[in-house]
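Participant: This is the structure I have questions about; it appears just below.
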Amino acid sequence: MPGLNSVYMKKIPPAYLLPLVVGGLLAGLLGGWLRLGYGGFSAPLPAAHHGVLMVGGFLGTLISLERSVVMKNPAWLLLPLLSGLSIPLFLGGWQKMGAIFLLIASLGLLVLLYKQSLRTSDVPTYLIAFGGACWMLGNFTYLYTDFVVLSTGWWMAFLFFTILGERLELSRYLSVPIRMYRLLYLLLAAHCIGLLLPFHLWGRVVLGASALGVGIWLLRYDMARHGVKKPGQFRYIGFGLLVGYAWLVLHGLVLLFLDNHPFHYDLYLHTFFLGFVFSMIWSHAPIIFPAVFGIKVDVFHPLLWWVWGVFQLSLVARIASSWAGWPSWRFFFGALNGFSIIAVFLSMALVVGFRWRVIHLKSSGMQTGSQRSGLE
């Protein structure tokens with residue numbers, strides 16, 4: 001990868017890959033609505049590939065992009081390009097080729113993360129690299145078996161270890177007792193063991209206990225508890241993170257105690273992917289998005305509290321409807337939750353667009369004033 005000629009890659013800003021990220025999200029949401037029971041039209045491919053579109057097409061592309069932009073050689077941007085191009089392949093019916101693209105992208109990401117771990121040899125970096133390895137294993141399993149259920153645990157581990165590594169990286173300067181770090185490492189080791197055990201036997205129990213323990217650990221020792229005491233963006237980020245950790249705790253409880261529930265698989269998936277992972281996305285977005293796309297604009301605005309609240313409340317109602325066995329309400333709140341995801345991203349885009357325009361107008365006004373002063 002680093003040996004590739006990067007002359008042409010320099011002409012491709014990371015923002016040009018944004019349509020692939022958005023495309024993966026929209027295709028995944030459409031598939032989710034269809035799987036919930038929406039019958040307004042027939043689109044079997046988004047429904048069939050809902051999971052791989054959300055994890056590989058959307059989240060895999062987004063994380064690969066985040067990791068690639070910090071590398072000196074812009075050829076690394078081929079990684080999010082490959083994972084993003086899997087989206088039209090899946091939607092076009094070329095499932096095998098789409099899976100191959102994802103596998104190649106995840107192998108490349110693993111190499112990238114390995115190179116980064118050589119420069120920064122610490123536990124957070126190793127955890128993120130292990131997360132990349134889990135994505136690769138999940139993609140290989142999917143390509144080899146063509147069975148999403150067998151890949152899901154590895155895909156979850158990809159996001160679990162990536163997020164945890166990033167949180168530990170940001171919280172490294174907090175005074176956390178060493179024995180608490182040892183407890184966390186023990187919980188993470190248990191998570192790894194749980195991935196290797198049969199899910200419906202001890203695997204579910206070990207993974208549930210690990211998720212429960214890690215969620216409680218993050219609620220107690222992550223820097224988010226300090227952020228909520230500050231105003232503005234800090235409170236938004238901190239509160240959002242704490243809510244995400246609460247979702248991880250709930251995910252662990254679902255694994256431990258609701259294994260016989262008729263909607264167990266739905267609760268198992270969406271307390272993690274929607275509750276935990278998307279809460280992390282909303283919280284990190286004001287920091288990550290400007291850095292990834294090279295825009296010097298503040299993404300946070302009080303408007304985000306409102307759309308974030310709709311997302312969280314609709315998700316609580318969706319999960320409660322699944323738990324209570326109310327399919328009609330599950331569909332209604334599931335559809336609303338999907339629209340709220342779009343609303344959060346649109347709100348961020350609106351804030352960025354408005355503030356970018358204000359900055360541009362001020363810059364143009366200053367240039368015009370300077371020219372007039374020069375003429376005078």
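Placement of Cβ uses the backbone N, Cα and C atoms for every residue, glycine included.
Sharing the feature lines straight out of TrEMBL:
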type     : residues : note
TRANSMEM : 12-34    : transmembrane segment
TRANSMEM : 46-63    : transmembrane segment
TRANSMEM : 97-114   : transmembrane segment
TRANSMEM : 126-144  : transmembrane segment
TRANSMEM : 150-168  : transmembrane segment
TRANSMEM : 180-199  : transmembrane segment
TRANSMEM : 205-224  : transmembrane segment
TRANSMEM : 236-258  : transmembrane segment
TRANSMEM : 270-293  : transmembrane segment
TRANSMEM : 305-326  : transmembrane segment
TRANSMEM : 332-354  : transmembrane segment
Participant: Which listed stretch (12-34, 126-144, 150-168, 270-293) has the most C-beta pairs under 8 A with the transmembrane segment (205-224)?
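Facilitator: The stretch with the most contacts is 150-168.
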Participant: Where, among 97-114, 126-144, 236-258, 270-293, 332-354, do we find the most CB pairs under 8 A to the transmembrane segment (12-34)?
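Facilitator: Answer, by Cβ pair count: 332-354.
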Participant: Given pairs 6 or more apart, does the transmembrane segment (270-293) have at least three Cβ pairs under 8 Å with the transmembrane segment (126-144)?
Facilitator: no
Participant: As a test: from 97-114, 126-144, 332-354, pick the stretch that has the greatest number of Cβ pairs under 8 Å with the transmembrane segment (46-63).
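Facilitator: If we count Cβ pairs closer than 8 Å to the transmembrane segment (46-63), 97-114 scores highest.
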Participant: Go through the chain and flag residues at least 6 beyond the ends of the transmembrane segment (97-114) whose CB is under 8 A from any CB in it; none is fine as an answer.
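Facilitator: Apart from its flanks, the transmembrane segment (97-114) reaches 1, 49, 52, 56, 60, 63-64, 67-68, 71, 76, 78-80, 82-83, 85-87, 89-90, 125, 128-129, 132-133, 135-136, 138-140, 142-143.
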